[in-house]
Amino acid sequence: MYNLLKGKRGIITGALDENSIAWRVALKAKEEGATFTLTNAPIALRMGKIKQLADECNTIVIPADATLVEDIEKLYQQSMEHLGGKIDFLLHSIGMSPNVRKDRPYNDLNYDWFLKTLDISALSFHKLMQVGEKADALNEKASIVALSYIAAQRTFPDYGDMAQAKAMLESIARSYGYKLGKSKKIRVNTISQSPTPTTAGTGISGFDVFLEYAEKMSPLGNATADDCANYVITLFSDLTEKVTMQNLYHDGGFSAMGISEEIVAQFGK
Ligand code: NAI
């Protein structure tokens, strides 16, 4: 390995099981010499396997519902205590839509659930930054990354209200990226990742078709969770200090394609 994160302290949200993108990021961050805390919603701690990951990474798990400011305040406090200083990197890897989970069609949404989708999947990103800034918990030149999906720009019918959540998430990265860039040279980016077989991913109906279609459209094939983790590590490292306020496609080329030979062949049958 390259020791890209040697001496850096971080917080990693959203590791639920070994398929989670955040789980893969945690393992790579450890390999690259970082120390960090893990966090997830209290309910996920009961259902997931995060304790196993914490043992492997020699760290602690701090329960925090990412929609609750007081939970996030405790998350920073306890993380700084445990790690012995301020935070150099933060991964937002949180997404959930009750409408998608309960298969509500886009023209029959439950609006209370829509607000929950936005709160959990997008506003939580703002909350993590605002609380961190107010608590003076973020180091100069820290790096903050959230995970997005191309449904923010293009229509994927089964993605439902998560499309709006991702559009908001990417917009928050730009608006808060300006603030934190000016005040502390902190960079804020989103990575727009290929469809990935995780709990959140496979919760979307027709996910297998998404996955296969994207695979056939992308010249490099779909990016896996491990590929994504590698990209996240480069953004946490000192090698990307001038990259900020971007939505960075990490999708094997999918976002630049019109049609591929494989898809033409399939329809030509
Ligand atoms: P995952 O299901 O493993 O992770 C989602 C995490 O969000 C879970 O750990 C869950 O407990 C957490 N979460 C939900 N509500 C929460 C709350 N109130 N407070 C704190 N945490 C909460 O799935 P995955 O795929 O690793 O998702 C991570 C991120 O990657 C999400 O933002 C997702 O939208 C994004 N993404 C996923 C893609 C995929 O195809 N799997 C593609 C592009 C982006």
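Using the three backbone atoms N, Cα and C, a Cβ is placed for every residue, glycine included.
Taken verbatim from TrEMBL:
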BINDING   Gly14, Ser20, Ile21, Ile94, Lys166  NAD(+) binding site
ACT_SITE  Tyr149  active site, proton acceptor
ACT_SITE  Tyr159  active site, proton acceptor
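The separation of Tyr149 (active site, proton acceptor) from Lys166 (NAD(+) binding site), Cα to Cα, is 7 Å. Between Gly14 (NAD(+) binding site) and Tyr159 (active site, proton acceptor), the C-alpha separation comes to 19 Å.
Checked against ligand 1, the recorded positions Gly14, Tyr159, Lys166 give Gly14 as the ones with a Cβ under 6 Å from it, listed in sequence order. Between the candidate active-site residues, Tyr149, Tyr159, the densest Cβ environment within 10 Å is the one around Tyr149. DSSP classifies Tyr159 (active site, proton acceptor) as helix under the three-state reduction.
Proximity of Ser20 (NAD(+) binding site) to non-local residues of its own chain (separation of 6 or more, Cβ distance below 8 Å) is seen for Gly14, Ser93, Thr198, Thr199, Ala225, given in sequence order.
Residues Gly14, Ser20, Ile21, Ile94, Lys166 are the ones the record ties to NAD(+), and the longest Cα gap between any two of them is 18 Å. Its Cβ taken as reference, Ile21 (NAD(+) binding site) is surrounded by 26 other Cβ atoms within 10 Å in the chains shown. With a 10 A radius on its CB, Gly14 (NAD(+) binding site) counts 27 other CB atoms from all the protein chains.
Straight-line distance linking the Cα atoms of Ile94 (NAD(+) binding site) and Tyr149 (active site, proton acceptor), rounded to a whole number, equals 12 Å.
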